[in-house]
Amino acid sequence: MTDRPHRNFYGRRKGKQLKPSHETYLAEDLAALSPGPVSWEENPDRTPLDLAALFGGRPVWLEIGFGGGEHMVHQAELHPEVGIIGAEPYINGVAMLLGKLRRAGAENVRIHPGDARDLFDVLPAESIAKAFLLYPDPWPKARHHRRRFVTPEHLGPLHRCLAPGAEFRVATDIEDYVRQTLEEVPPAGFELLSDSPEPWADWIRTRYEAKAVREGRSSRYLTFRRL
Ligand SMILES: C[S@@+](CC[C@H](N)C(=O)[O-])C[C@H]1O[C@@H](n2cnc3c(N)ncnc32)[C@H](O)[C@@H]1O
């Protein structure tokens with residue numbers, strides 16, 4: 001037994017199932033970091049989460065589709081004065097985040113290992129002070145554009161959760177995703193604050209962004225304010 005038995009414990013296993021023994025660790029960590037009952041099975045009445053109890057009254061931020069969790073852990077370390085809830089259905093990404101969290105020792109993160117849309121309806125209205133949507137799935141084919149996150153179907157529930165004045169950040173390397181975001185987000189009750197080829201000052205490169213850079217694609221960083 002080393003002093004860090006979890007080192008690389010949740011390592012990269014893209015495309016592979018987690019080993020049963022790893023699933024035990026995953027389940028234990030996830031139980032400790034649960035934001036409360038989110039799924040319809042656990043919370044059929046959709047009772048709102050008690051964010052004050054979760055984070056002791058700190059402002060709460062939300063990351064949708066955190067992938068491997070680089071950005072979430074970075075923000076959690078940078079901002080111990082806030083609580084951050086992340087949603088990600090890709091279980092190996094969740095495992096990567098858990099490994100990073102163990103190494104970082106951040107205590108201000110809670111994880112919903114599933115669809116962000118299930119989280120939206122159990123977050124109290126106007127409870128989120130900042131939201132991140134970083135490199136959402138591009139759905140490049142025109143006939144799949146309605147599956148993108150930035151549609152009225154998702155933006156309405158997100159708007160309900162965000163506090164007036166809350167920042168909503170979107171990063172993407174897909175030019176047509178920028179177009180759709182600029183078209184769809186303002187009518188859902190947001191104003192555009194900035195649209196930049198440069199990332200935010202507190203940025204850290206995510207796994208997906210690193211892949212985009214390797215493949216020669218640049219990115220756009222959009223900041224909206226919830227009206
Ligand atoms: C292209 S990846 C980017 C991941 C990460 N943000 C990054 O920049 O490396 C998009 C992520 O969104 C997640 N995702 C897709 N639909 C989602 C949903 N409805 N709720 C939460 N996450 C979702 C996917 O599982 C995937 O990990």
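Each residue, glycine too, has its Cβ placed from N, Cα and C.
These come from TrEMBL:
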- GLU63, GLU88, ASP115, ASP137: S-adenosyl-L-methionine binding site (BINDING)
- LYS141, ASP173, THR206, ARG207, TYR208, GLU209: substrate binding site (BINDING)
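The structure, with features from TrEMBL marked on it.
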| residue | record | Cβ contacts under 8 Å, 6 or more apart |
| --- | --- | --- |
| GLU63 | S-adenosyl-L-methionine binding site | HIS71, MET72, GLN75, ILE84, ILE85, GLY86, ALA87, ALA131, PHE132, LEU134 |
| GLU88 | S-adenosyl-L-methionine binding site | GLY65, PHE66, GLY67, GLY69, VAL94, LEU97, ILE111, HIS112, PRO113 |
| ASP115 | S-adenosyl-L-methionine binding site | ALA87, PRO89 |
| ASP137 | S-adenosyl-L-methionine binding site | GLY65, ARG147, ARG148, PHE149 |
| LYS141 | substrate binding site | none |
| ASP173 | substrate binding site | TYR135, PRO138, TYR208, GLU209, ALA212, ARG217, SER218, SER219, ARG220 |
| THR206 | substrate binding site | GLY67, GLY68, GLU70, HIS71, LEU134, TYR135, ALA171 |
| ARG207 | substrate binding site | GLY67, GLY68, GLU70 |
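Residues ASP137, taken from the binding-site residues GLU63, ASP137, LYS141, are distinguished by a CB atom under 6 angstroms from ligand 1. Neighbour count (other Cβ atoms within 10 Å of the Cβ, all protein chains): 22 for TYR208 (substrate binding site). Counted within 10 Å of its Cβ, the other Cβ atoms near GLU209 (substrate binding site) come to 22, all protein chains included. Secondary structure from DSSP puts GLU63 (S-adenosyl-L-methionine binding site) in a beta strand. The S-adenosyl-L-methionine site is set by GLU63, GLU88, ASP115, ASP137; from the centre of their CB atoms, other residues of the chain with a CB within 8 Å are ILE64, GLY65, PHE66, GLY67, GLY86, ALA87, PRO89, TYR90, ALA116, PRO136. According to DSSP, GLU88 (S-adenosyl-L-methionine binding site) is assigned to coil rather than to any helix or strand.
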